[in-house]
Amino acid sequence: METGLVLLLLLAPFVGFLTNIFLGKQLGKNASGYLGSLAVIVSFVVTTVFFLQVSETKQPITVHLFDWIALDKFSVNFDILLDQLSLLWLMFVTGIGSLIHIYSISYMHDDINMHKFFGYLNLFIFFMITLVVGSNLLIMFIGWEGVGLCSYLLIGFWYKNQDYNDAAKKAFIMNRIGDLGFLIGIFIIGYVFNTLDFMTIKQEIMAGHATANLAWLGIATMCLFIGACGKSAQIPLYTWLPDAMAGPTPVSALIHAATMVTAGIFMITRLNFLFDLTPDVQTVIATVGVATSLLAASIGLMQNDIKKVLAYSTVSQLGLMFLALGLGAYEVAVFHVITHAFFKACLFLGSGSVIHALHGEQDMRRMGGLKGVMKITFITFLIATLAISGIPPFAGFFSKDEILMVAFHKDKTLWVLAAIASIMTAFYMFRLLYLTFFKEFRGTEEQKHHLHESPALITFPLIVLGILSAVGGALSLPGNSWLNNYLQPIFAHKTHAEHHLDNTAYMLMGLAVVGALVGIAIAYSKYIKKGEVPAEDDQITGFANVVYQKYHVDESYMRIFVKPIYFIAKFSRDYIETGLSNVVFGFGNVAAELSLQGKKLQNGNIGFYLFAFVFGLCSVVFYLFFLR
Amino acid sequence: METILKVIGVETYLYLSALLFSIGVFGILLRRNAIIMFMSIEIMLNAVNLMLVAFSTFHQDASGQVFVFFSMAVAAAEVAVGLAILVSIFRNHGSIDIDKLKNLKG
């Protein structure tokens, strides 16, 4: 029964993928879209069934599918682990996945390769489920690589544009760097524990068997964190995520905001017992997280592409999640992952709706005044913006506030930096909102003529996500957190479930709200009162230009890493490889020359052959009888 | 028989055999007529046969003579084949001078 349901959960999207790829053209666009959506909805329903069951019994479900690698002292089983954490993740992966599939039916309707799009999306959901439900690191790695592949395929979905292809390659290669770290981490863990199974590792650690290998574990967790950096776009591997916005907007919403980029956080949360043992690595994680958050937020202040702003805001929010992870507050990070998935998916889908209405225009300087025309998009976008800015009672307020509170108790510096990042977030999100929806329209007359609210298939997911962004905070209210209690069995240490609401907590909440309001007020005075519009590209000068050009990080990477690698590659090609092949060809030339000379012996003169024969025989006889 | 062998000595037969064999070899090396060369081969074969017979008698062992019979039978077959080939070569080339047969040149 359970095995069947698990297989249904796992294979429904895979069947959807196969059908769409092989039969999609024959099925036609609508059938292909609805089929793809149905496949994910099936997974969502199955997840809900399991979720309700596990919330009630509080017992994780393990399903043994088959023995995968069986060696003498080391074996890996293909087992599925459905516990509180994986089911929570599955809920929003399949839930938001379903909504975005439905959205895509309308959004991608004009694309000739729509069946391929749904095929890839289904494949992505399949790999994401694999990543989440695997009971050991190796299965997680399969999913990890699979979602990377789908990310590559979908960023480069419009493959006729070379820039998009480059963005896809960049994402893939950046991820490979992280994946290498992840793989090395897996190897070390396998070496230390002789198993890759999460439950077994946890038991070993609980029994205190790991203390002898702390140095190895430190390296392992550091490597795993590098893997998480690649997938979840942290310094120094974050530059692929803003470029990944080349993909269609539903892809940005699903993969590059709500689900795949949170895989790193999932992995660290899954292995929390391991990271708890290595406080140094946790410090690194927190530092990297807060640095990423600040850097990305400051770049977001100056961007003019609506999707780029959202992309940098995603990087920044992921940084905050890593800050929470580094401080050991895994449940807070998970909470922020969930609320972020709601409001960021809503924001991306909203921006997609705007782009759709403007026929592909993404520059905010050519937008404005859409409030009146696109009412539903505007209202949902407003809710999600309030949520991400941290205004109560919307979802983002609670999760962000918890992160700030944890940071305040652990390290005041981190708290200040994170608070600055969230003030910046409030500013640039409202800048985005004002520039897009307020004042008068700045695009062409023709675009203005065609402005329209998007169809129901697009607005429905927006409404659902808008509602979730508004009420999502109820998952973990301060002082009485359902989420923390629910997740308790996952963690090695006690969650912060019982932290009491003292005056400090209220003061911090107040400060956070005031900070967000300050950010909003600055944006209001700049873009509504003074009615400013960001300058054109060539008029941006000084430090503003440096920020606008993303601190020239890409260019620096180009100079520091890519160029030397090119140089080494060119050197190897021009000198080392040429030299080697000359040696190899040299052998061939010598052999050919020798054989050319030897060929002359075969001159067709029978007398000469006979002479050679007799001479040879005589030589043999001479040698045998006289020389020996 | 034994007395004759004792009178003449086995080494005389060996000298004769070696001489015959050398004549054969030189015939092969120096003559250019295929039939003559063929005859030289026969001389070499018979030189070996003579040696076999001589040693067979010397060792009082009949198996050497059995070998000679085999060898003669094979030589007869070889002659038949070889002459047929020569006839065929003559028909095709109009000559059996081996210096003119250079089709095997690589």
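A Cβ is built for glycine as well, from the same backbone N, Cα and C atoms used for every other residue.
Per-residue pLDDT, averaged along the domain 'NADH-Ubiquinone oxidoreductase (complex I) chain 5 N-terminal' (A:68-118), amounts to 91 for this model. As annotated by TrEMBL, domain 'NADH-Ubiquinone oxidoreductase (complex I) chain 5 N-terminal' applies to A:68-118.
TrEMBL lists A:135-425 with the feature domain 'NADH:quinone oxidoreductase/Mrp antiporter transmembrane'.
The annotation transmembrane segment is assigned in TrEMBL to A:35-54 (among others).
Under the heading transmembrane segment, TrEMBL lists A:87-105 (among others).
Feature annotation from TrEMBL assigns transmembrane segment to A:117-135 (among others).
Beyond its flanks by at least six residues, the transmembrane segment (A:180-201) meets 62, 73-74, 76-77, 79, 81, 135-138, 141, 144, 210, 213, 216-217, 219-230, 267, 270-271, 273-274 of its own chain at Cβ-Cβ distances under 8 Å. According to TrEMBL, the transmembrane segment annotation covers A:180-201 (among others).
Residues annotated as transmembrane segment in TrEMBL: A:213-230 (among others). Remote same-chain residues near the transmembrane segment (A:213-230) are listed as 144, 174-185, 188-189, 191-192, 236-238, 263-265, 267-268, 271, 274-275, 277-278, 280-281, 284-285, 288, 322 (criterion: CB distance under 8 Å, separation of at least six residues from the stretch ends).
What TrEMBL lists as transmembrane segment is A:251-269 (among others).
For A:281-302 (among others), the entry in TrEMBL reads transmembrane segment.
Taken from TrEMBL, the feature transmembrane segment covers A:309-327 (among others).
The annotation transmembrane segment is assigned in TrEMBL to A:333-355 (among others).
For the transmembrane segment (A:456-477), same-chain residues at least 6 beyond its ends with a Cβ under 8 Å from one of its own Cβ atoms are 96, 99-100, 102-103, 105-107, 331, 335, 338-339, 342-343, 345-346, 349-350, 352-353, 356, 376-377, 379-380, 383-384, 387, 393-399, 402, 483-484. Per TrEMBL, transmembrane segment is recorded for A:456-477 (among others).
With a threshold of 8 Å between CB atoms, the same-chain residues lying at least 6 positions outside the transmembrane segment (A:505-524) that come near it are 389-392, 397, 400-401, 404-405, 408, 419, 422-428, 430-431, 434, 478, 499. As annotated by TrEMBL, transmembrane segment applies to A:505-524 (among others).
Non-local neighbours of the transmembrane segment (A:606-626) in the same chain are absent; no residue 6+ outside the stretch has a CB under 8 Å from one of its CB atoms. Sequence annotations record features per position, and here TrEMBL assigns transmembrane segment to A:606-626 (among others).
Tallying C-beta pairs under 8 angstroms between the transmembrane segment (A:87-105) and each of A:35-54, A:117-135, A:251-269, A:281-302, A:309-327 places A:35-54 first. Sequence-distant neighbours of the transmembrane segment (A:117-135) (same chain, 6+ residues past either end, Cβ-Cβ under 8 Å): 6, 9-11, 13-14, 16-18, 20-21, 24, 32-33, 35-37, 39-40, 43, 62, 77, 79-82, 86, 89-90, 93-94, 97, 100-101, 104, 108, 111, 142-147, 149-151, 153-154, 157, 197-199, 248, 250-251, 254-255, 259-260, 263, 266.
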